[in-house]
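TrEMBL annotations:
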COMPBIAS  B:363-374  compositional bias 'Polar residues'
REGION    B:363-382  region 'Disordered'
TRANSMEM  B:44-64  transmembrane segment
TRANSMEM  B:76-95  transmembrane segment
TRANSMEM  B:107-126  transmembrane segment
TRANSMEM  B:135-158  transmembrane segment
TRANSMEM  B:218-237  transmembrane segment
TRANSMEM  B:307-328  transmembrane segment
TRANSMEM  B:334-353  transmembrane segment
Amino acid sequence: MDVKWGSLGEVAVVSFGATVGVVLFFALGVRALAGRDAARTAGQDGTALTAAAGACFAVCAGAVLYGLYLIIPQFH
Amino acid sequence: MDHITFLVAMVIVTALAFDFTNGFHDTANAMATSIATGALRPKVAVGISGVLNLAGAFLSTEVARTISGGIVDDSLVTPGMIFAGLVGAILWNLMTWLLGLPSSSSHALFGGLIGAVWVGAGRGGVHFDKVVEKILIPAVASPVVAGLAALAATYLAYRITARAPKDGVSKGFRTGQVASASLVSLAHGTNDAQKTMGVITLALISCGALGHDAGPPVWVVLTSGLAIATGTYLGGWRIIRTMGKGIVDIESPQGFAAESAATAVILTSANLGFALSTTQVCSGGILGAGVGRRLAEVRWSTAGRMALAWLVTLPAAAAVGAVAAGAVVHGGTLGTVLIAVAAVVIAAVIVLLSRRNPVHADNVNSAPTTSVRRSATAHAGA
């Protein structure tokens, strides 16, 4: 029997990192959006927070595109 | 030749039937949490999932040449054994659906095949070391990994958004869930529809209708894709209810974390050549997401029953497959017909039992699963 413990560990580490990373950025994006709304209600300009939220969601979108790349064999 | 053609036709029909139950059983994996959190309306969710499963079936060009990943000796497998194995897998899928248990369709298929080959070709036809390596170890490891990842991600998501207004946060994560759930559906279509195509192609090769290295013909790809998509669209509402409402009362950040974890685990392991069960990974993720928010919210009794179903799935499907294989191998055409009739009758009884306590798009989010099972058992006994 040839159990590939190394690959198994790799799956564990990569999955963990990818999940936590995506959710981390998404949560930061959601918080930045909420912050922007609060800033606007207070009459301030929320441009910086909008940009931050955009950057966070872009990272998540990148992760989704990479996921699609992995799923669709024609891209390989 | 007539005999072989009849058997091959039976294999094709049962393979498509299995494909249907597979889609039906596994809609919950991708869509349960999105339905539970209200990210998608139930009918919309199963519609998206069905379309993506169909798309997934066409996307994947890699032909499943070995239907079993080396778990059984493919050179010893006959169409009769495939038929018997499929019957075992279908019946187990229907049974767990009646109880609303999210068990693994892949394990049901592998279990059915193992049982059928064991009886049909002897113990040597089953590679038990491969069973441990390819099924048991990933089965234990993958839900744990998905669970831990979802746990950490959920905890972080709640920490980060703790001070933001709750409405905005749920709305944000609900939007994210649409994307994460769709990815799970697509990954499911590329994996699971392939299995059925592989089974049908193998049956066609074994009767000489196709050359030895032939890929699945277009009609096989089309019918398999349609079978899994139809099954997905009709939706195994019982299982969706268990996964969406039964294990944890899920909120959108948890749903997003659970689906992200499931997608990450499925994609990384497919990339590194581990076969695993989408169902188990998704349930692991949901459980982790529940623990990540507040431990007490997880209904451990439901989780325990689910884990029990995981343990039993492979041997139970193997037992049904073995009985069916006994009849098919020794009984010839008559045995095959008897098994087919018996399978249809049992399936019909299960569907009738389910009618007494129906779960559908309108009540999928209403009651926790415990009542489903109790009343189902009570009805069965009555």
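Yeah, the Cβs are placed from backbone N, Cα and C, and that goes for glycine too.
If you look at the transmembrane segment (B:135-158), the same-chain residues 6 or more away from its ends with a CB under 8 A from one of its CBs are 71, 104, 107, 110, 173, 253-254, 256-258, 260-262, 264-265, 269, 274-277, 280-289, 291-293, 310, 314. Sequence-distant neighbours of the transmembrane segment (B:307-328) (same chain, 6+ residues past either end, Cβ-Cβ under 8 Å): 80-81, 83-85, 87-89, 91-92, 96, 99, 101-104, 107-120, 135, 139, 277, 280, 335-336, 338-339, 343.
Away from its own ends, the transmembrane segment (B:334-353) comes close to residues 6-7, 10, 14, 80, 83-84, 87, 90-91, 94-95, 97-98, 324, 327-328, 376, 379-380 of its chain (Cβ-Cβ under 8 Å, at least six residues beyond either end).
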